[in-house]
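Comments concern the structure below.
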Amino acid sequence: MTLFTLDIDPPDGLGPGAAHLPAWLSLDQQRWLVEQFRVWERGPVPIRAAKVRGHEMSVRTVCLGWHWQPYQYTRRATDVNGEEVPPFPDWMVRLGRRALADAGYTAEQVSAYTPDTALVNFYHRDARMGMHQDKDEISSAPVVSLSIGDACTFRFGNVENRSRPYTDLRLASGDLFVFGGPARLAFHGVTRVHPSTAPDGCGLDDGRINITLRMTGMTDDRSD
Ligand SMILES: O=C(O)CCC(=O)C(=O)O
Ligand SMILES: [Fe+2]
């Protein structure tokens, strides 16, 4: 078994390596994360809709640690304003490790997990994300995904292509979703946001925030 394979198959039909833990964040934690989001979205690299083949995504994204643009990671946001993104916070490494532990990863896998980038997405009610793989990372370490605000329909598929088999599940405010091991390169997307479903007290009245923690496997040669 390599370091980041998960040999348990949780009983939620998602297949080995994927886990959905509803209500993993408390309302206090959600509210605190929304407060952090309000700081991150302002800059130094303001939140923006990334352009894919000339078209703006409906989702807006701000990054920590490494800046993602289709389809690469850089320290500076060369597609926005050339500024460097904020450092990846230590508390996010701890959060990512707790997520892996709760999702059933081994102690060895948990302690080796050192996420170094966060993509923080904001979805207004009409935003979507098409089926894609998260494959701009060199590392095969798991992706840890947190949802806050309005619920969404999250489509989690297979590693071969965008079509069936896939599972549509509802990611609600506070939910944790982890995909690693054999599920790491599964196609996934957000087919719709469910307006007016954010719980009172989560800190967000309208729209959805999704935070994904990842290990890029990048080294810091600062050449960008
Ligand atoms: O919003 C989500 O739940 C998924 C986001 C996602 O797939 C991504 O940022 O790559
Ligand atoms: Fe993704």
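Including glycine, each Cβ sits where the backbone N, Cα and C put it.
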If I go by TrEMBL, which of His188, His194 binds Fe cation at the same site as His132, Asp134? His188
Out of His132, His188, give me whichever of these binding-site residues has the highest number of other Cβ atoms within 10 Å. His188
Can you list the residues of the same chain, besides His132, Asp134, His188, whose Cβ falls within 8 Å of the Fe cation site's Cβ centroid? Met129, Met131, Gln133, Lys135, Ala186, Phe187, Gly189
Grouping DSSP H, G, I as helix and E, B as strand, the residues of the domain 'Fe2OG dioxygenase' (114-217) number 3 helix, 47 strand, 54 coil
Within 10 angstroms of the C-beta of Asp134 (Fe cation binding site), the count of other C-beta atoms across all shown chains comes to 17
